[in-house]
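Notes to accompany the following structure.
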């Protein structure tokens, strides 16, 4: 059976993730309502603004449904999506990870750099990116930038502090689809 990937589409850069996944031949569902989770097999939580995203999740009453779905299915959070999945009082707390928001600087400090992932060179686009500051023992570090982890996996949860959807390289999305 073909998998259907949901892309959380209430705020942030969901269109680029959707386009990249479509380029891989994947059926996409833009997730905007609680019942949208019923028709997907996995989910991408895109970057954007984490406080705004959390407020909208609560306003639209889908925070609990999101938590339930992410507890049992493959999920990929980029930038703000990684913050939402991390440990914290108002976060989903589904990966043993503590983050520092905007730790790589403000919008003007955004940068592009080479990274290594699965013995391959990839490009990392960092835009107001969070830093992964405390990583639990059960979390696998898949890529680093200047000795700091920037791509992590714990069981069914994949997070990146950067934006792979803003490049032409599909390696990380392909990895997510194989989880």
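The backbone N, Cα and C atoms fix where each Cβ goes, glycine too.
These come from TrEMBL:
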| type | residues | note |
| --- | --- | --- |
| ACT_SITE | 79 | active site, nucleophile |
| ACT_SITE | 163 | active site, charge relay system |
| ACT_SITE | 165 | active site, charge relay system |
| BINDING | 48, 49, 50, 101, 127, 128 | L-glutamine binding site |
Subset of active-site residues (79, 163, 165) lying within 10 A of residue 50 (L-glutamine binding site), CA to CA, in sequence order: 79
Nonlocal residues around residue 48 (L-glutamine binding site), in sequence order (Cβ under 8 Å, 6 or more apart): 11, 12, 13, 79, 80, 81
L-glutamine site shell beyond 48, 49, 50, 101, 127, 128, criterion: Cβ within 8 Å of Cβ centroid: 12, 47, 79, 80, 83, 102, 130
C-beta crowding around residue 49 (L-glutamine binding site), within 10 angstroms: 16
C-alpha spacing of residue 49 (L-glutamine binding site) relative to residue 165 (active site, charge relay system), in angstrom: 16
Nearest recorded site to residue 163 (active site, charge relay system) by CA-CA distance, among binding-site residues 49, 101, 127, 128: 127
Cβ-based isolation winner (fewest other Cβ atoms within 10 Å) among the recorded positions 101, 128, 163: 101
